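Trainee: According to TrEMBL, the protein has these features:
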TRANSMEM  6-26  transmembrane segment
TRANSMEM  38-61  transmembrane segment
TRANSMEM  81-105  transmembrane segment
TRANSMEM  112-131  transmembrane segment
TRANSMEM  151-172  transmembrane segment
Amino acid sequence: MNSPIPSALICIGYLIAVCLGPKFMANRSPYNIRQLLLVYNVTMVVLSGYLFYEFLAAGWLNGYSLGCQPVDYSRSPTAMRMVRVCYLFFLSKFIELFDTIFFIMKKNFHQVSVLHVLHHGIMPISWWFGIRFVPGGFGTFHSCINSFIHFLMYLYYGLAALSPSFRQYLFLKKSMTWMQMVSRKHRDEMFGK
């Protein structure tokens, strides 16, 4: 955590993979990664659910205020629990880079939008600064909500990977996209754009 350079290098590698991946896949059939996606999505459901629970237990159901919650820089058990969940959230942003890689492997290039790539490419760096300088406080509210949305999102994707018949519940996907946009708008209004 002393330097953002390792995080930046991973993000640069991600951007290179995003640029070269479609060229690599140009003359190839989409990979059948259904089983891999099932394992990945179940893992992400568990991780996102755990992060949501920990954000609640470490602060939001344990005395944090929805008004203005300062960062607790002490080494109290509660403060350290929040630091740990923030660090796990930071690490999860690297794991989520695989979302894009899987889209490329399946040749679902339409899902690799500029917004998607920017979001995934910037989150690890922005969270490095968050963990390094402000691990806790009101900034974790958005992360708590984000973890819940990711829990639902990966649950949907896991069910869709399990059986294509679950794809009929497309309204869930649209609802999750709407929740992500509302969450992002809330964050932007609270912290500026």
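Note: Cβ is positioned from N, Cα and C throughout, glycine not excepted.
Just so you know, TrEMBL annotations never went through curation; they're auto-generated.
Owing to the predicted nature of the structure, the values given are computational and were not obtained by experimental measurement.
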Trainee: By Cβ distance under 8 Å, which residues at least 6 away from the ends of the transmembrane segment (112-131) in the same chain are close to it?
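Mentor: Non-local partners: 1, 4, 7-8, 10-11, 14-15, 18, 22, 83, 86-87, 89-90, 93-94, 96-97, 99-100, 103-104, 139.
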Trainee: Should anything in the same chain at least six residues away from the transmembrane segment (38-61) have a Cβ under 8 Å from its Cβ atoms, list it; otherwise answer none.
Mentor: 69, 78, 81-82, 84-85, 88-89, 92, 95-96, 98, 102, 136, 140-141, 143-144, 147-148, 150-151, 153-155, 157-158, 161-162
